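Visitor: Annotation source TrEMBL lists active site, proton acceptor at Glu48. Taken from TrEMBL, the feature substrate binding site covers Val131, Val132, Val133, Gly134, Tyr149.
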Amino acid sequence: PPPGHGRLSSRLGLVTEAVEAADDMDFYAHVIGHLSSGGRVDYVIADEAQFLAPEQVDQLARVVDDLELDVFAFGITTDFRSKLFPGSQRLVELADRVEVLQVEALCWCGARATHNARTVDGRMVVEGAQVVVGDVVGDVDSPQAEVGYEVLCRRHHRRRQTSATARAAALSPDVLPVDGTK
């Protein structure tokens, strides 16, 4: 497809045409351009909205207010450090309504997962760039670093305890009870 055009697909196999938003895309101008050329817009959906720039969120608010179109934005609010993404912050500030979807993620311990942890080579990290794509080779500290993300409850996020480190701790002789007798 030409630049700016793409496809959106679901895990169920549903596919639809979509517009891939560049970092500098002006959403309001894009919608106006589409309408001016005879196109139809029923609503706007922004997926992974945490990656939007605050200015882009303002543009989406203008689509709602000036063009009277509904905008639905989906994404997460905080990064691996429990800090708001700038796009998410602006969405919360401007949204007419915020809903937490009832897809409940669970921590490895079974508690409700509320935090995102970044792991590098299996260990949780709390410093680094806010956005790192987990399926790319290299880029984080070492050329072969394996970057991943895991959802955790607040307790385990604060303790920096992922499922991998919890398993390692359970297997370690350092955490076995010692009674001093042989």
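Yeah, the Cβs are placed from backbone N, Cα and C, and that goes for glycine too.
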Visitor: Under a three-state reduction of DSSP output, how is Glu48 (active site, proton acceptor) classified: helix, strand, or coil?
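Guide: The residue in question, Glu48 (active site, proton acceptor), is coil (DSSP, three-state).
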Visitor: Using a 10 Å radius around each Cβ and counting other Cβ atoms from all shown chains, which of the binding-site residues Val131, Val132 yields the largest count?
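Guide: Result of the Cβ crowding comparison: Val132.
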Visitor: Between the residue listed as 'active site, proton acceptor' and Tyr149 (substrate binding site), what C-alpha distance do you get in Å?
Guide: 15
Visitor: Where does Val131 (substrate binding site) sit in DSSP terms: helix, strand, or coil?
Guide: coil
